[in-house]
Amino acid sequence: MRECISIHVGQAGVQIGNACWELYCLEHGIQPDGQMPSDKTIGGGDDSFNTFFSETGAGKHVPRAVFVDLEPTVVDEVRTGTYRQLFHPEQLITGKEDAANNYARGHYTIGKEIVDLVLDRIRKLADLCTGLQGFLIFHSFGGGTGSGFASLLMERLSVDYGKKSKLEFAIYPAPQVSTAVVEPYNSILTTHTTLEHSDCAFMVDNEAIYDICRRNLDIERPTYTNLNRLIGQIVSSITASLRFDGALNVDLTEFQTNLVPYPRIHFPLATYAPVISAEKAYHEQLSVAEITNACFEPANQMVKCDPRHGKYMACCMLYRGDVVPKDVNAAIATIKTKRTIQFVDWCPTGFKVGINYQPPTVVPGGDLAKVQRAVCMLSNTTAIAEAWARLDHKLDLMYAKRAFVHWYVGEGMEEGEFSEAREDLAALEKDYEEVGVDSVEAEAEEGEEY
């Protein structure tokens, strides 16, 4: 069995976790108490959903997940919510005081008190697995727990489970909608720390999701629930191939093999279509060609950046629902002829395609329309460097005046860590720039030196 353990860190991670597990349960027909009427092999069995759920002898399905937050309020909502019976109480771990939006508190002072307990619970989950394939880590870049504790945990996971892959779903601080002044500090520190520990990181930009909710779903003032349900759909599309049998099954390592050309360049851009409200869906066809085209619209991306200014290195299309390979091939052929899409010249225009016959499920009373087919595109493009550039610029403005730095130093961090992290991100931007340069030009430049 190829199991995955999900780790939800901090408020953002936990709330996205709620949305995801709610959706997984609906998709697999698992009731809030963990019973699954359709499951005939009680107490075990090798069903494909067992990658995400373990089964007890009583036929209860328990998510292979851990929820961690340094303060209790958000996890308490899970403890008292609809799905309270789904999780084992030990899977919900909380501390007493929060990280107060401070990376240093999450990573050093408060985080280190709880990290051994968390690793202990993760070890228990790992022992239930026959062939653990890796971890999915959900967190935000901006919060203290999401940045500091998540990076600490990933460092420790690398030590304990060296060869297992670690995929991140990270909430990137939105350019306009900010929840904390020190988000740029936290984001850059956490990116620097986790860069070598993460195998693949799907970034989600709150503002991009806000815009999609406003524009496509006609929600005037989207709440976090709206955002998280949309993010849940995306996570579900990415993990559907792990949980259902499809025509082309993608496992965790396969993502990296196809999307990550160099270890540091592991930030694919996710795009999901169709995002459409029930009123509109009634009047639209949403053919395979249409939803495939929609993926190349910057408006449907999860991070604000413009791929038309960058080049693609790899592209992964994950279809689900009523889709046949013939339609997909036709749609992709059309895209290739349009040529608005530039691939780097060292990578032939490779599209990897996965098809999963399980149609997308929607949460009852949610905003998304029930559709027959959907697609999630994961593309590694040099344009995502724009997101890093934006963040670095904000950090420079604040750090030039050393604003707020004393809060970090006071929690036992050294000021040198800031400049180290900043240099690492400058190098990351440079890496992206170099990857996008045509190889012919690059060789010509080298020739001139000798």
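We count from 1, first residue shown onward.
Yeah, the Cβs are placed from backbone N, Cα and C, and that goes for glycine too.
Some features that Swiss-Prot has for this protein:
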- Glu254: active site (ACT_SITE)
- Gln11, Glu71, Ser140, Gly144, Thr145, Thr179, Asn206, Asn228: GTP binding site (BINDING)
- Glu71: Mg(2+) binding site (BINDING)
- Lys40: N6-acetyllysine (MOD_RES)
- Ser48: phosphoserine (MOD_RES)
- Tyr83: 3'-nitrotyrosine (MOD_RES)
- Tyr432: phosphotyrosine (MOD_RES)
- Ser439: phosphoserine (MOD_RES)
- Tyr450: 3'-nitrotyrosine (MOD_RES)
- 1-4: motif 'MREC motif' (MOTIF)
- Tyr450: site 'Involved in polymerization' (SITE)
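Structural mapping of features recorded in Swiss-Prot.
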residue : record           : DSSP class
Gln11   : GTP binding site : helix
Glu71   : GTP binding site : coil
Tyr83   : 3'-nitrotyrosine : coil
Ser140  : GTP binding site : strand
Thr145  : GTP binding site : helix
Thr179  : GTP binding site : coil
Asn206  : GTP binding site : helix
Glu254  : active site      : helix
Ser439  : phosphoserine    : helix
**Message:** Taking the Cβ of each of the recorded positions and counting other Cβ atoms inside 10 Å, which one has the highest number: Ser140, Thr145, Thr179, Asn206, Ser439?
**Reply:** Thr145
**Fill in**
Cα-Cα, Tyr83 (3'-nitrotyrosine) versus Ser140 (GTP binding site), nearest Å, comes out at 23
**Asked** For the recorded positions listed here (Glu71, Glu254), which one has the lowest count of neighbouring CB atoms within 10 Å of its own CB?
**Response** Glu254
**Asked** What is the Cβ neighbour count of Ser48 (phosphoserine) at a 10 Å cut-off, with all protein chains included?
**Response** 18
**Item:** Rounded distance in angstrom between the Cα atoms of Tyr432 (phosphotyrosine) and Glu254 (active site)
**Value:** 22
**Request:** Out of Glu71, Thr145, Thr179, Glu254, point to the one nearest Ser48 (phosphoserine) in space (Cα versus Cα); all of them are recorded positions in the record.
**Result:** Glu254
**Prompt:** Listed recorded positions are Lys40, Glu71, Ser140, Thr145, Asn206; which of them have CA atoms within 10 A of the CA of Ser439 (phosphoserine)?
**Reply:** none
**Message:** Under 8 Å between C-beta atoms and at least six apart in sequence, can you list the same-chain neighbours of Asn228 (GTP binding site), or say none if there are none?
**Reply:** Gln15, Ile16, Asn18, Ala19
**Request:** Round to a whole number and give the Cα-to-Cα distance in Å for the pair Gly144 (GTP binding site) and the residue listed as 'N6-acetyllysine'.
**Result:** 44
**Prompt:** Just counting, how many other CB atoms are there within 10 A of the CB of Tyr432 (phosphotyrosine)?
**Reply:** 24
**Message:** On a simple 10 Å Cβ count over all chains shown, which one of the recorded positions Tyr83, Gly144 is most densely packed?
**Reply:** Gly144
**Request:** Looking only at C-alpha atoms, tell me how far Asn206 (GTP binding site) is from Glu254 (active site), rounded to the nearest Å.
**Result:** 27
**Request:** In whole Å, note down how far the CA of the residue listed as 'active site' lies from the CA of Glu71 (GTP binding site).
**Result:** 36
**Message:** Rank the recorded positions Gln11, Lys40 by how many other Cβ atoms lie within 10 Å of each Cβ and give me the one with the fewest.
**Reply:** Lys40
**Prompt:** What does DSSP say about Asn228 (GTP binding site): helix, strand or coil?
**Reply:** helix
